């Protein structure tokens, strides 16, 4: 696969991330049926994981720190799954309110996501690319807002800015950004 098609696929994934974030913003604070909330939060989760996976692939491949990537993607998966369960299921939300252990588990996952977002800043700082650094700093802000339970509203707007910045990064990146030869 040549570099142009890889960039095109990345831009399509980034656009799908933006669209799924807009869908989540539209449905998160409204009184929709649980199946619609489940669908919107699941779509956001899938495209958020694809988004960060493509962003990691497009960063400089010389010093791959797979442990940072795996920690970040793992905590992102935990946060995404907790978002799916808490938003789309009143039963799990009631369980969370009644059981302090579940609240601690979700809290620990969210704190681990903040830690992974901080490590992600240093990871992308090594690339010396201003777009990747801005994206990782904005992601830290998102992680903190998720921790204080502001997963919609301003957090969705920040995710939109992250998606637009990633598209600009992909358009302006040089041909050797994917780190693998064809």
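Each position is counted from 1, following the chain as shown.
Just so you know, glycine gets a Cβ as well, placed from its N, Cα and C.
Caution: TrEMBL annotation is automatic and unverified by curators.
As recorded in TrEMBL:
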- 9-26: transmembrane segment (TRANSMEM)
- 32-58: transmembrane segment (TRANSMEM)
- 70-92: transmembrane segment (TRANSMEM)
- 98-123: transmembrane segment (TRANSMEM)
- 130-148: transmembrane segment (TRANSMEM)
- 154-172: transmembrane segment (TRANSMEM)
Which of 9-26, 32-58, 98-123 contacts the transmembrane segment (70-92) most, counting Cβ pairs under 8 Å: 32-58
Same-chain residues near the transmembrane segment (130-148), Cβ under 8 Å, at least 6 residues beyond its ends: 55, 59, 79, 83, 107, 110-111, 113-114, 116-118, 120-121, 123-124, 154-155, 158-159, 161-162, 165-166, 168-169, 172
Tertiary contacts of the transmembrane segment (32-58) (same chain, 6+ residues out, Cβ under 8 Å): 9-10, 13-14, 16-17, 20-21, 23-24, 26, 69, 72-73, 76-77, 80-81, 83-84, 87-90, 132, 135, 163, 166, 169-170, 173, 177-179
